Amino acid sequence: MMENLLIPPPPWVGRVDGTSSHHLRWHQAVTPLHDGAEPGACVLIGFSSDEGVERNKGRRGAARGPDALRGALSSMALAEPLRVYDAGTVAVTDNRLEAGQMALGSVVAATLDAGQFPVVLGGGHEVAYGTYLGLAQAAVRTPKRRIGILNLDAHFDLRSDPVPSSGTPFRQILEQEHASGTALQYSVLGISQPSNTTALFDTARGYDVRYLLDDDCSVSDRHRVAVFVSEFLSDVDLVYLTIDLDVLPAAVAPGVSAPAAYGVPAETIQFVCDAVAASGKLAVCDVAELNPSFDIDNRTARTAARLIHRIVTKRIPIAV
């Protein structure tokens, strides 16, 4: 029997300029998820964990990420009314990461099966395996639909560690897909060469991972980035978009476990998110590695919230 690790959502509060549709902000649109929530709505799911980060020898603090993201989203203005629910937060306690990932997968799958759009608020990048489990279990995934994972990240996260961590999720996913005899395309945009060993590049080649280095993702490289994303989208039917905030420059995203010495400009990341949201293929999204303990002026949380805002408000639903 699946253990229930879901805790209720916190209250959403923020600035109030009025109650008409012309004054709406996120906190006025979000309500707790209930059984009658309509298909097509966005459902926020928190994943409070930094167990995977610690196992990967990183800095603790990402467990506070979900509520920091909620806080940054709260007062963002909505151009038009939004259907959005908060399912609460899957909390990883007592080092029980694997149980938390399974619980998250169950919530994501239920959300997808209800015809809704899950957006998972991490948490370390160990969130990815839980998000994937949900998509893999959901009815929306059929044998004829190929899953594509687009990871915006400075790291491959393909480590072969003895226990699951924030550095292993995509290797776990690829191994599970291989064992099941199913096809999955894993692509990464923003890879930092100095942050990934030759062994990790070799592993990526072995799994036929497509990637674009951070050196090739500047604002002047827009065409190269557009081609990379377009080719990815053309080869898949369902997209899981995962954003590790350490893909951004440290000046923009200081509040992560491993701040980037170089990073991909926010303009490029926003462009990619917009393209994926408008593709009509985006099934699920998560945001990982926000560490409020190291954030400065909430820069990282605000940047992440802007990306979430654009993804949710610009997303074209998947055709049934």
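Residue positions begin at 1 at the first shown residue.
Backbone N, Cα and C atoms are what each Cβ position is placed from, and that goes for glycine too.
When Swiss-Prot records Asp153, Asp157, Asp244 as binding Mn(2+) 1, the matching candidate from His34, His125, His309 it lists for that site is His125. Cα of Asp153 (Mn(2+) 1 binding site) to Cα of Asp246 (Mn(2+) 2 binding site): a span of 6 Å.
Around Asp244 (Mn(2+) 1 binding site), a 10 Å sphere centred on its CB holds 30 further CB atoms from the protein chains shown.
Each of the binding-site residues His125, His155 was scored by how many other Cβ atoms lie within 10 Å of its Cβ, and the smallest score goes to His155. Cα of Asp157 (Mn(2+) 1 binding site) to Cα of Asp246 (Mn(2+) 2 binding site): a span of 12 Å. The distance from the Cα of His155 (Mn(2+) 2 binding site) to the Cα of His125 (Mn(2+) 1 binding site) comes to 11 Å. Cα spacing between Asp246 (Mn(2+) 2 binding site) and His125 (Mn(2+) 1 binding site): 10 Å, rounded to the nearest whole number.
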